[in-house]
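The annotation transmembrane segment is assigned in TrEMBL to 35-54. Marked as coiled coil by TrEMBL: 132-164. The domain 'OmpA-like' annotation in TrEMBL covers 185-306. If you look up TrEMBL, you'll see 305-336 marked as region 'Disordered'. Per TrEMBL, compositional bias 'Pro residues' is recorded for 327-336.
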């Protein structure tokens, strides 16, 4: 019996379909990671910005920034009146609990100086405003008498200084370099340069020997006088080549300081010097010729005393709640 051919359909394996149901994963796990990443990037940016600022600024700038952000600690009372109910067990006339009472605990007294003219501000009355007309007239008369007496002393000083220079060997030729001028401040003594004489070595603050001798005579003449001394340095208008390491402002100021040292060495009281100034070429002796050697000079001004100017009023004291104690600020110097 012949064999039957195998049917190809019979040898095919049956197809089995398996159905698997997967549960959802909730998208991309939400957006919370974006917020955290943004915070991280912001923090890194702030960190590197801080590093750059620390490297790009100087020590004094960093200190100024730190002082700006430093908090001012104000200590408040933890138990003020009324904090524990009506009045909080305290009397309505108590001194230490109510923040609007002067003289309370925590109130500091600060000193507010008067301005440069000697007048008081709107917060209080000056002593002058409380005077009667007779008292004001008497004070004005006393001021005028004091100023007249000081002017008379200035005239004596002129003659004395001229005599000292004329009788000292070698300095009589410098009499023409010493010039006196009566000003609103007082008596100004100008020590001017000329073509064949200069107080200082060229472009420096080093006094020449003759100038040292001259300043010694000036110091001995004004020594003992009660008037404050103002020293002002002047230059001509010739500029420096570069102007970076030195300029006329610096030169005039350093020459004024050199003059102050010479006067102190000559015998005047260091406390008699009221201030020194450098004005460069802004106040020329000869305005028509800005390069005139006479513009290079030292001005020594004997100023009128406070009694002659009527500026003897002391600074006022006021109370400010919570104010920190501070050192009185001196009145501003007049701009020259």
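Glycine too: its Cβ is placed from the backbone N, Cα and C atoms.
TrEMBL: automatically predicted annotations, no manual curation.
Counted with DSSP, the domain 'OmpA-like' (185-306) comes out as 40 helix, 29 strand, 53 coil.
The predicted model assigns the domain 'OmpA-like' (185-306) a mean pLDDT of 89.
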